[in-house]
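A.B. asks: There's a structure below that I have some questions on.
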Amino acid sequence: MVLDRFLVLPLLLSLLFLSLATGLVQDFCVADLSKEDTPAGYPCKPVSEIGYCDFVFSGLATPGNTSNLIKAAVTPAFVSQFPAVNGLSISAARLDLAVGGVIPLHTHPRGSELLVVIEGNITAGLISSSNDVYVAKLHAGDTMIFPQGLLHFQINSGNSPVVAFVSLSSPDPGIQITALSLFSNNLPSEIVEAVTFLDDAEVKKLKKLLGGSG
Ligand SMILES: *[C@@H]1O[C@H](CO)[C@@H](O)[C@H](O)[C@H]1NC(C)=O
Ligand SMILES: *[C@@H]1O[C@H](CO)[C@@H](O)[C@H](O)[C@H]1NC(C)=O
């Protein structure tokens, strides 16, 4: 009996987390952002407080501000902005790239990305874990998939602004930009140099550009 209890409790707990994560026992779980996030997502807002507007997000209607170093903006509709995606394996974002704009090499640790080009031309690419490179020129209406966790990038390769939308297979896919990981924090320069084979001058230059120290 004692053994049973030890077996049943973890089973029940994992079923609970599974159902939170996949919505098996309820239609939806709109996030209550005032509560603590958990590995299975946020706790649910009470159904009695939910209306149609919980399921609508208008934040992607507005172009992002591209007056920045990368001449580009990512406007997210992840769980923090759009609580209705909580517990569902989906979210979205809008990409705006001014002429010359670039979304630098990055990964989404928790989701695959489906990109749809609405306006302009994009040169996009991904690098597989065997370091094979797949680069494509995309035009309005083209769709490209970037599998979970793989390094990828988008460049405005045309002569007018780019608008694109992406959907990601996680309510909170995360975004890790390689250049920022290396040069915008306090990882000591000698370590950055050792792990990248870049020389000291180049590392210091990039740290200065991207706000890193050390
Ligand atoms: C866009 O960002 C720049 C730089 O931060 C800022 O100066 C400018 O006012 C912003 N433009 C808009 C429309 O918010
Ligand atoms: C996009 O590419 C096509 C084909 O290369 C070209 O005809 C068109 O002018 C380009 N559009 C922009 C906005 O650069």
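Any Cβ shown, glycine's included, is placed from N, Cα and C.
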A.B. asks: Same Mn(2+) site as HIS106, HIS108, GLU113 according to TrEMBL: which of HIS139, HIS152?
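C.D. replies: Answer, per TrEMBL (Mn(2+) site with HIS106, HIS108, GLU113), from HIS139, HIS152: HIS152.
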A.B. asks: Which whole-number mean pLDDT does the model give the domain 'Cupin type-1' (58-204)?
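C.D. replies: For the domain 'Cupin type-1' (58-204), the model's average pLDDT rounds to 97.
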A.B. asks: Counting by DSSP, what is the helix, strand and coil composition of the domain 'Cupin type-1' (58-204)?
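C.D. replies: Helix, strand and coil residues of the domain 'Cupin type-1' (58-204) number 25 helix, 57 strand, 65 coil.
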A.B. asks: Compile a sequence-ordered list of residues in the same chain as GLU113 (Mn(2+) binding site), six or more apart from it, whose Cβ lies below 8 A from its Cβ; state 'none' when nothing qualifies.
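C.D. replies: Spatial neighbours, sequence-distant, of GLU113 (Mn(2+) binding site): ILE145, PHE146, HIS152, VAL166, SER167, LEU168, SER169, PRO173.
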A.B. asks: How big is the Cα-to-Cα gap, in Å, between CYS29 (disulfide bond) and HIS108 (Mn(2+) binding site)?
C.D. replies: 23
